[in-house]
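Below: the structure, in structure tokens.
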Amino acid sequence: MYASCSSLTLLSALVSITAAYPSSAYNPAPNPGIRKLSTVDIRIAPKSHDKVMISAVSNSSNTRRLSYFVQSGLAITHGDVIYSSEDELLRKVKAQKRSLSYFADDKESLWPSARIEYKWQSEDAKGQGRQEAWEEATKRWTDMLPFVKFSENPAGDAQSEDVVTLVPTENTGSCFSPIGKAQNSQSNQIMLDSECGGAGTYTHELGHTLGLFHEHMRPDRDEYVTINCANVMQSDEGPNNCGENCSGYGCNFQKLPKDRADWSGPYDSLSIMHYSPDEFANGNGPAIVAKPGVPTPRRHTFPTAQDAKRVCSLYQDQCKGVCGDGKVEPGNGEECDDGNNQSGDGCSSDCKKE
């Protein structure tokens, strides 16, 4: 049974299928390059809630180690997640703030009525294939979850905490997004590089925007995959550590502790939110290896039914079903559901008869 929005606040996080897709769905792996990483220890004292929390508290001293780099003044954690401005992050570190979270409040951090208001920073920002990749990425989510709406505002409008700004970047090899709806206009942006992996990576970033965390951070992940920390890219901070006392790029492979995390449904190694084996790898072999019987994670392409179900649980007041899960849901506008989101097989990608 999937957790409802009322029981899944996604508060207090960090600071610190197998069916073949057509060849057109393939996306090149993003190339993040070498970043200048900074590592900080943050004291976290989670508030007491009667709701389930996803938290990053990991040891008896209630501290969390976080590795981040700076892109356009914003602190980027876990490889592609916009946390806040670096100035804000460092203020919180210095103050040893009691609660550092991605989601300040579940109602504020989820998009009202599951409608994502967005705008391009400028008309020029749509160039170099960004607009086409963006439109394909939004379609991959709305085909499965028709209640999710993307509403475009005029390019060039002033930045707003209620409207996510699509910002073009160059030569970063990566794309970045906050988790959920950011609570200030500076952080409420998605950075889109034309060379970060195309529509597949844009789809992954939209998963963050909708409220999803990286799948390989689940507390039960060691039952399904092995993290080869020796194969993770090394930063100038020295040897990697992928545990709770992480360092460098190893912090991208941390787990959330079992007693502070609630991830609905089974582990999904094919999730759009799961790292592929070679992401942040150093070339000496895969950083992630699936255990026997577990499908090998793939580069980002389409959301899985499990991804869609998790978004559905966050927006349960709007969600009437998931197209692509093999169950025909007339209330979801489905005429058919053959368990995939491919057209040309009698049932279209958005579950309409062909």
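Positions of Cβ are set from backbone N, Cα and C atoms, glycine also.
Taken from TrEMBL, the feature signal peptide applies to 1-20.
DSSP classifies HIS214 (Zn(2+) binding site) as coil under the three-state reduction. The Zn(2+) binding site feature in TrEMBL is assigned to HIS204, HIS208, HIS214.
Marked as active site by TrEMBL: GLU205. For GLU205 (active site), the Cβ neighbour count at a 10 Å cut-off comes to 26, with all displayed protein chains included.
Take the mean position of the Cβ atoms of HIS204, HIS208, HIS214, the recorded Zn(2+) site; other residues of that chain with a Cβ within 8 Å of it are ASP80, VAL81, SER177, GLU205, GLY207, LEU212, PHE213, ILE272, MET273.
GLU205 (active site) falls within a helical segment according to DSSP.
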